[in-house]
């Protein structure tokens, strides 16, 4: 930048530079302060919600268990082993439900649907007609 020979103009330029730099600094600090306040407020809200709900999400849910994988080696009494026996009973209930639906005519099995479609599309077809032994 070119230095002027006018002292008043030089003072004005320096004053503007200082003012501009302090405005930027104060602006930066204000933005940083707002960010800090928001983080604190967010943290306070989160802690208040945790107190209301009864702990953090991890504490409420507990450890994640995957079926078939035993994460706790000390735990010999697995609750997951008991669930396998109950699964067989559920299959029987599903079969009973299917039978009830078939009786009502709501849902038909795949084989029944195939037979009906063959009968309806090939009515009177000689291959589907019953064969009788010749006398």
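Placed from the backbone N, Cα and C atoms, the Cβ positions cover glycine too.
TrEMBL does not curate its annotations; it predicts them automatically.
Look at TrEMBL and you will find 14-135 tagged as region 'Disordered'.
Annotation source TrEMBL lists compositional bias 'Basic and acidic residues' at 21-35 (among others).
If you look up TrEMBL, you'll see 36-46 marked as compositional bias 'Basic residues'. A Cβ distance under 8 Å defines the sequence-distant neighbours of the compositional bias 'Basic residues' (36-46), meaning residues of its chain 6+ beyond its ends; there are none.
What TrEMBL records for 47-70 (among others) is compositional bias 'Basic and acidic residues'.
Residues or ranges marked as compositional bias 'Acidic residues' by TrEMBL: 71-98.
The feature compositional bias 'Basic and acidic residues' is assigned by TrEMBL to 99-119 (among others).
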Looking only at the compositional bias 'Basic residues' (36-46), what are its DSSP counts of helix, strand and coil residues?
11 helix, 0 strand, 0 coil
Which residue counts does DSSP give the compositional bias 'Basic and acidic residues' (47-70) for helix, strand and coil?
12 helix, 0 strand, 12 coil
